[in-house]
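See structure below.
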Amino acid sequence: MSIQENPIELSKIYEEAPITEPQRQYYFMELLKKIVKQRSEALGRPLCFCCVTFGCQMNARDSEKLSGILEAIGYERTESEDADFVIYNTCTVRENANLKVYGRLGTLKKIKEKRPGMLIALCGCMMQEPQVVEKLRTSYRHVDIIFGTHNIYKLAELIMNRLESGSMIIDIWKDTDKIVEDLPEHRKYPFKSGINIMFGCNNFCSYCIVPYVRGRERSRRPADILEEIRRDVADGVVEVMLLGQNVNSYGKTLETPVSFAQLLTEIEKIDGLERIRFMTSHPKDLSDELIQVMGSSKKICPHLHLPLQSGSSRILKKMNRKYTKEDYLTLVEKIRKACPDISLTTDIIVGFPGETEEDFKETLDVVEKVRYDSAYTFIYSKRNGTPAASMEDQVPEDVIKDRFDRLLAKVQEIASQVCARHEGQVMDVLVEQLNHQDKSLVTGRLGNNTVVHFPGDASMIGKLVPVLLKECKGFYYIGESYEKR
Ligand code: 5AD
Ligand code: SF4
C-alpha cells in the first residue's frame, strides 16, 4: 500500500501524535486501522499477517504482542507467509538461527514480487547485531521495516513511518530503561499465558550474545505484573509462565527492591490461578528463600529448569558462570530436600573452547548424579563480540560431534527412566489441545511439564483433569481420565 492511496494527511498526524506511551501507539493504531480498512475494501478481501517466531519463550511472548498490534490495526492472522504483512521475530543465540532467516528471506522476495503492497518486517535479537543490519540494508532491499528487541511496542508507529517515507525503516536501539505497558496482545492459548517479569541480562556468560542484544537487566514493577496476571485469570487463564533471562535476580533494580520469592508469594495469592511456572533460573542467584517458597507453595509447579552449561569447574570459570560443579550439586541437593518430587531440566553446551575429554566427563558425571527429566544439549556456537569467540583452542568439529552424541545418549537413557517414576499414579493434567495424530485423544501436561495423552474431547481443553498415568513411553505418558471411573 503506498501513501498516495492513503487519504490521511500525514504531516498533520505527526503534529497531533501524543508524546506519552502507550497513548502514542494507540494513536498510530487508529490511523492504520483506517488505512488497512480502506485497502481491504479496495481489494475486496481482508488483509492478512503472518508472524514467524524463532528462538525462546521470550520471543514467543513478544510475538503475542506484535500479533496483538497487527490485529488491532485490522490485519487477520494467517500461518502462510503468502500474506500482506510478514514479520520475522528473530533469534541469534546460535549461528544457525541467523542462517535460517537469510534463507527464508530469499523465499519471501519471490512472494513479494507477486504481491504488490506486501510489507516485510524483521525484529528481535538478530537485528541488534550491527553487521546483520548492514547486510540487510545492502543486500535485502525487499525488507521494509527493521527493529530490535527494545522497541517492539513501536510497531504501529514504524509501519506508519514506512508508509509515509516509502523506504526501508531501520530503528535499532542499543539499550533502554523503558518498559511500555498496556498494549494489545494476542494470547496463543486462552488458558495459559507467558508473563514478562524482567527484560535483559547482566550476567555476560562468556559464550552468550544475549546481554548484548537484550540489554541490561530491568524488572517490571510487581503491581504491574500482578495486575496483568489478575486480568489474565479473569479472562480464563489457569497457568502462568513467568519469563526472564535470570528470574532469580528479579527486582534488584527496582526503586523498592523486591525478591523473586516475594513476588511468587504475592502471585500465589491470586484466586483462580492454579499453576505457576518460571524460567530461566541462574544457579548462582537461586536463593534459600526461593527454595523455601517453592517447597511450601501449592501452585508453583514441581519443575525447575536449572541450566548447568558444563559440569567442569574449570570450564564454568571460563564461561563466567560464577559457580563450581560442587556448588551446583549442593544446590540440587538443597532443592530436592525441600521439593522431593521436583523435575529438574537443564541446558548443556558441548565443545566450549578448551573443553577436554576430562572436562566433558565431568559434565557426564553431573548428568548421572542429578538425573534430569530432560536436557537441552547444544553444540557451542561462536558468537562474534563475545569473549569466548576470541578464546584460543576451539574444539575440533569431529570431537564435538562425538561428545554431543555421547551426551545425548546418556541424557535420553536417564530421562526415560526418570520420566517413568509416576507410572500407575493419578495426577492432574492441564489439557492443552486435541492430539494432532489421533483426535480421540487429548494432550496436556503434568505439573512437572511431562506430556500426557489420554482419551478425551475438546470440552476438556483448558481444564485440569485427574489422569491415571498408565504407561510411560520414554518422554510422555499414555493415560486415562480418572473422573470417568
Ligand atoms: N552456543 C551454544 N549454546 C548457547 N547457548 C547460549 N549461547 C550459546 C552459544 N554461543 C545456550 C545456553 C543457554 C541456552 C538458551 O542457549 O545453554 O542456556
Ligand atoms: Fe546468556 Fe548467561 Fe544471560 Fe543466560 S544468564 S542469557 S546464558 S548471559
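Including glycine, each Cβ sits where the backbone N, Cα and C put it.
What TrEMBL records for the [4Fe-4S] cluster 1 site is CYS56, CYS91, and among CYS125, CYS201, CYS205 the residue it adds there is CYS125. Helix first, then strand, then coil: DSSP counts for the domain 'TRAM' (420-483) stand at 6 helix, 34 strand, 24 coil.
Other residues of the chain with a Cβ within 8 Å of the Cβ centroid of CYS56, CYS91, CYS125, the [4Fe-4S] cluster 1 site, are PHE54, GLY55, MET58, ASN59, THR90, THR92, VAL93, ALA97, GLY124, MET126, VAL210. Other than CYS201, CYS205, CYS208, the residues of this chain whose Cβ falls within 8 Å of the Cβ centroid of the [4Fe-4S] cluster 2 site are, in sequence order, ASN203, PHE204, TYR207, ILE209, VAL210, PRO211, GLN245. When the domain 'MTTase N-terminal' (47-164) is classified with DSSP, helix, strand and coil residues number 63 helix, 23 strand, 32 coil. The two recorded residues, CYS201 ([4Fe-4S] cluster 2 binding site) and CYS56 ([4Fe-4S] cluster 1 binding site), have Cα atoms 14 Å apart. Listed binding-site residues: CYS56, CYS91, CYS125. Those with a CB atom under 6 Å from ligand 2: none.
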